[in-house]
Amino acid sequence: MSSKSLLASQEISTLAVSLSSNTIKIYSPATGQYFGECKGHSGTIHEVAFSAPSSAHIFCSCSSDGTIRAWDTRSFKQISMLSAGSPQEIFSFSFGGSSGNLLAAGSNAQVLFWDWRNQKQLACLEESHMEDVTQVRFVPSQQNKLISSSVDGLLCLFETDGEINDDDNLLSVMNEGTSIAKVGFFGSRNQKLWCLTHIETLSIWDWDDASREANFENARSVASDRWNLDQIDYFVDCHYSTTDDRLWVIGGTGSGTLGYFPINPNPVASIGPAEAILEGGHSGVVRSVLPASSTRISSLAQNKGMFGWTGGEDGRLCCWLSDESSEVKRSWVSSTFVMKPHKDRTKNRHHPY
């Protein structure tokens, strides 16, 4: 049973982990204690998020079963469900809009919109993309703007105020040229967009003027040359630090070692040497990374000396400690703790507990 995605809520100190069994397990991110699980999806769970504009105890998930479901972490029960209708799949969702109550979802060649308050479907955009919509993301600093990405290689920018339709609300189209896996915002004004593709390339865009500023078509080989460990086989994600205004691409090996490689923008965009190495926790491909320095869990990270959490195809959920942390080292599989012996690490190599 593999772990597919992770999310945490700082407000209620909860870690949610979606699994290949189409269930979501809830843990304490501080101790690893297992609290319970949420069951209901009948297809692959693609995303989970504590972003619903309601109680801090509510999180949502989307699935290939064509639904977005809301769950209560106190009861582990489903409290609401939106359906795109069969045979649609939902690969991604995001809350935003001018009121914060607009729910966007990426589906089979469609971008769907609901009003979260009354769960009424407002629009279905089906002319902008030709294939599965892999990600939808509202711009953090401009919540009335939405970016969508697709297997068709296109990034679309939409205005979401007023009545939404393909003709009037599509502002610009950016062509990545190959199937897009993940996107995310970075920069002091969130004006930049990083883009990871299904063939493990990386590009940087200025979404406001629809220009590509960097394109790393050989990103894996470049990253592999930036450390002395095994070949980078895949990229898991990118991580942006708002405090430092720095972006890293996170690459992994088939045996489960991860590296944080900085993206240096000037004078010419380049991938720098690994600044953090996570090894010894996983024995297979890592599917999800949750950095403790993300805004939702930063206070917890400071208190516990944590670097972050990872989940992988080996069914293991690992929490990683910062170099300066002296706490006991452990890792766990599902809800059972497995003690790991202490191993000395070189500086900047983080260890799991």
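Even glycines carry a Cβ here, placed using N, Cα and C.
The model shown is predicted, which means the values in this text are computed figures rather than measured ones.
Taken from TrEMBL, the feature repeat 'WD' applies to 38-81.
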* Structure fact -> In this predicted model, the repeat 'WD' (38-81) has a mean pLDDT of 93
* By DSSP assignment, list the helix, strand and coil residue numbers for the repeat 'WD' (38-81), in that order. => 0 helix, 23 strand, 21 coil
